[in-house]
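So that you can see what the record holds, here are the features copied from TrEMBL:
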BINDING   D117, L118, T119, R144, Q160, D164, R313, Y317, Y318  L-histidine binding site
DOMAIN    1-46  domain 'WHEP-TRS'
DOMAIN    24-380  domain 'Aminoacyl-transfer RNA synthetases class-II family profile'
Amino acid sequence: PADTVRRLKQDKADPDEIAKEVAKLLDMKAQLGADEGKQKFVLKTPKGTRDFGPKEMAIRERAFKAIISCFKRHGAEVIDTPVFELKETLTGKYGEDSKLIYDLKDQGGELLSLRYDLTVPFARYLAMNKITNMKRYHVAKVYRRDNPATTRGRYREFYQCDFDIAGQFDPMIPDAECLKIVHEILSDLQLGDFVIKVNDRRILDGMFAVCGVPDSKFRTICSSVDKLDKVPWEEVRSEMVGEKGLSPEAADRIGDYVQLHGGLDLIERLLQDPKLSQNKLAKEGLGDMKLLFEYLTLFGITGKISFDLSLARGLDYYTGVIFEAVLLQQENEHVEEPVSVGSVAGGGRYDGLVGMFDPKGRKVPCVGVSIGIERIFSILEQRLEASEEKIRTTETQVLVASAQKKLLEERLKLISQLWDAGIKAEMLYKKNPKLLNQLQYCEDTGIPLVAIVGEQELKDGVVKLRIVATREEVNVPRESLVEEIRIRTSQC
């Protein structure tokens, strides 16, 4: 712009012309500035979240149904809690993971955070309502400011499906039931081979003590051990010694233990271990672990259970048994790369958490399990894609159709009767749809039956019921139609 003005001055141009040119240039500049301020609006979901279309939701609902029916089979009640809690409710309950809590801006005098899991809200609920005995399930969304890996089902907003038993009971009976539930759900969902790793926080703490870990380093060393399923021992050892200041001798002694896994035989061997058997905590934990394995034997599921000394589970609130279910591999010929999704369920005993919320510190012992539905879902989704199975996104049982024109009123009367009788029915939103188009709609959406009204059928007081798969047609008396649809769809 300055060059243009200079040139105009040199050419001794008319002052009016100069003013005009300057005005033009200023106008151009203003327009450019306006464009700069208008950033392009990007349509996307926030990082670590996703939308679920009808197809994905149909798969999800199948999984939820299997999980919830298992929880109900075991006699659980259902509860719900707010999606956000007071910040102080969540603070100090998750150890090193606390940095992943989403804090909300203060909007009205209360510091709030989005819930990180469903266990702490459950403990708060028990303490607040002075409940000492409850078996509950809770299926809801939780939030973690984590680095998402969406291909592996790791999100910042995701569902958890929790089952917990609260109350003072004889040792290991509720704990064994939680493991049985994990076994039932993973078997029912047919996700391929899996193993449920089991350990006890007391065995871990006793092991740390006899290996020479200072009390103050228990939790931080615990979180290092927890990485053993993802990284080799050498890396974990160098983190303990290099970053966390543990002596190399103590780290090596831990290494001798954490690489052990097995069943009852290993428990018996450790009960005889000269060092561990001298530690009160470890001895208690091993005694309970032996009892747990006896109950799991009675449930017939020990084939899938592994007592694994490397299992640590990072959360601070566990006090006893801890467990984690891991998928071993994907049995899927269609996918060249096996989908490694790691842990699909986890849980344990947390006897002190409710007491943290109780003004008098009254303890309510609890044990629970959380099913990682997102990871399970990503496997089911990939498997269905590979198998190219057609997924129905509606549950419509019958399409009400007409064979001739001017039968909209009759279709509306009939569909209303079906809806009132609890039948899932649809019709096309056209006055005079072609019969071929109506039949094609059933083929496309997987609707199994068509109820056809025509002039002749109206005279005879019947409805022509067409079975889409076989193209067979039968005349059904109007009053028997509901029953006939129920019988035929129960066989589908």
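Glycine is treated like the rest: Cβ placed from N, Cα and C.
Sequence-distant neighbours of Y318 (L-histidine binding site) (same chain, 6+ residues apart, CB-CB distance under 8 A): R201, G348, R349, Y350.
Neighbour count (other Cβ atoms within 10 Å of the Cβ, all protein chains): 19 for Q160 (L-histidine binding site). This prediction places the mean pLDDT of the domain 'WHEP-TRS' (1-46) at 71. The binding residues for L-histidine are recorded as D117, L118, T119, R144, Q160, D164, R313, Y317, Y318; their greatest pairwise CA distance is 21 Å. Cβ contacts within 10 Å of T119 (L-histidine binding site), excluding its own Cβ and spanning all protein chains shown: 26. Here the binding-site residues are D117, R313, and the one whose Cβ sees the fewest other Cβ atoms within 10 Å is D117.
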